[in-house]
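Chemist: I'd like to ask some things about the structure below.
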């Protein structure tokens with residue numbers, strides 16, 4: 001409905017100079033905004049340009065950054081996974097409960113990852129085999145996974161994790177201010193970027209989002225594609241949950257409540273259409289960093305987290321509305337007497 | 001067309017029964033839960049408090065779920081309702097504590113109007129900017145909650161700030177039925193009648209089934225979608241008043257997470273998330289089932305920690321059942337077509 005991918009705009013755009021073409025895409029606008037926020041914050045907010053700020057900023061956004069990768073792919077196929085925040089909580093609880101039962105940490109983490117695979121498979125199978133809408137399915141598993149997590153540990157928290165692991169979650173690569181956790185993130189980013197942008201499987205993901213039927217007729221296994229993506233989302237969420245547990249040294253049933261909305265807000269801000277078929281990973285990464293930098297700067301400037309939430313929400317609304325208003329204006333200017341072609 | 005209609009008249013009857021069975025199943029589940037909990041502990045139903053809570057607790061979510069159902073039937077979703085409930089609940093408390101002696105009716109109206117205005121913002125952004133409602137209402141979910149938290153800060157409205165006559169509304173009963181429940185049922189009946197019988201109500205279904213076709217047919221898609229969001233917001237506003245009356249204390253987190261409860265209630269009640277299918281009755285039953293289970297679990301000896309898991313399993317079970325029934329119905333329709 002509002003996507004413009006399939007319109008002949010990309011052809012038209014070559015008549016504009018390069019800078020206008022770059023600004024015209026959603027992704028580069030977000031990158032530009034990120035740079036502006038970073039520069040303005042570094043020059044006006046005391047403490048933002050300190051190296052330690054970058055460390056905490058990255059540590060804070062890491063769970064969102066990680067989960068946003070598979071979520072981007074899922075949403076490009078036109079589906080959604082609302083259960084990711086609950087999966088973070090569940091994997092956190094699984095890790096904690098097993099460590100409490102004197103399992104070695106590595107094994108406990110492995111089991112948590114398997115739980116992530118399993119949870120993702122449940123979502124994926126309900127969506128593909130049973131044919132249910134993912135929004136409804138993952139509202140169900142959002143409650144289910146969170147319920148199991150809270151049910152298992154109750155209100156207690158497991159806090160006695162091996163020191164070397166909790167230290168690793170916060171440690172920085174020697175000589176830099178960049179946390180170690182950025183290494184697995186960058187590897188994942190590279191893998192996801194290559195898969196999405198340079199493989200037939202990735203092209204299939206876009207095809208599924210643009211038209212399921214057309215994708216099927218051109219040989220894409222729609223069901224298998226979606227199933228794989230849901231499993232990936234589950235396992236990456238579980239990984240984020242293990243990181244979350246170590247970072248705060250605490251496994252609780254209510255860990256990362258509401259994280260799903262933060263991830264989806266970032267993915268949408270990064271230019272992924274909830275109708276599917278459109279979006280790029282670098283836009284999403286830039287959007288996560290934009291929200292992170294903005295809230296980090298505002299917090300340093302003593303703005304409360306509630307105002308930051310308002311700003312995040314308004315930013316999200318403005319960005320999607322502005323994109324659609326711009327598209328409408330462009331269309332109107334180009335074809336003044338044929339406006340109703342994509343209406344409805 | 002007409003011959004088929006005549007031939008299938010007996011079939012439509014069975015199909016109608018099947019369609020009703022969808023909501024009957026939920027009703028049956030509610031009855032089962034209540035019976036089981038009552039056998040375990042008769043006070044669940046037969047004590048004064050038990051009876052009142054049984055009717056009162058679901059009434060608040062019921063209102064939100066009815067509005068949500070209307071929005072979902074138009075193939076949209078309103079994720080901001082939890083924040084609207086919180087904001088209007090706090091407004092209710094503040095009006096009473098800041099303006100002593102303010103008439104209750106005025107406060108109720110103010111909350112409904114505020115809720116309706118917030119719904120209007122959602123609706124206008126969705127209908128005019130042509131942006132998916134999930135994104136818009138996700139944004140306003142944050143924005144409205146943020147406004148609530150900034151406004152309330154760490155303050156909270158306590159029962160002592162509220163006039164006794166207002167709190168009496170939350171506990172008051174008419175023929176042993178709580179007043180709030182009566183109001184909720186009246187709203188439900190009105191909405192149910194409108195969606196089933198009024199032409200403009202039926203148009204919501206047409207819009208949800210196929211927005212493009214509805215547009216081409218000349219239905220006022222923009223106006224209906226706008227009104228659905230205003231209705232959802234206004235009902236969430238009324239729920240905010242109920243919340244304040246029922247619980248007496250309102251902090252800035254009132255109603256948080258209700259958006260998913262409301263969507264869950266609608267989905268359990270057979271409202272299809274893709275629009276065009278379902279009734280507000282089903283959504284209301286879904287809300288009753290969700291809230292009743294929450295109260296029944298501890299009575300049944302299951303720690304309330306496991307509530308969420310049961311609710312989740314319930315949502316999944318309901319949508320799977322719905323899907324199975326839909327597939328069976330389609331097969332029957334195809335068979336009927338082939339026979340004729």
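Every residue gets a Cβ built from N, Cα and C, even glycine.
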Chemist: Match it up for me: which of B:134-153, B:154-173 does TrEMBL list as transmembrane segment?
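Modeler: The range carrying the transmembrane segment annotation in TrEMBL is B:134-153.
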Chemist: Using Cβ atoms and a strict cutoff of less than 8 Å, what residues sit near the transmembrane segment (B:225-245) while being 6 or more residues removed from its termini?
Modeler: 59-61, 63-64, 66-68, 70-71, 73-74, 76, 78, 80-81, 84-93, 107-108, 111-120, 122-124, 126-127, 133, 157, 162, 166-167, 169-170, 180, 183-184, 187, 191, 204, 207, 254-255
Chemist: Looking at the stretches B:24-47, B:104-128, B:174-195, B:266-293, B:305-325, which one shares the most CB pairs under 8 Å with the transmembrane segment (B:134-153)?
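Modeler: By Cβ pairs under 8 Å, B:104-128 leads among B:24-47, B:104-128, B:174-195, B:266-293, B:305-325.
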Chemist: Where among B:104-128, B:174-195, B:266-293 do we find the most Cβ pairs under 8 Å to the transmembrane segment (B:24-47)?
Modeler: B:266-293
Chemist: Among B:104-128, B:174-195, B:266-293, which stretch has the most Cβ pairs under 8 Å to the transmembrane segment (B:305-325)?
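Modeler: It is B:266-293 that shares the most Cβ pairs under 8 Å with the transmembrane segment (B:305-325).
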Chemist: Count, for each of B:104-128, B:174-195, B:266-293, the Cβ pairs lying under 8 Å from the transmembrane segment (B:54-73), and report the range with the highest count.
Modeler: B:266-293
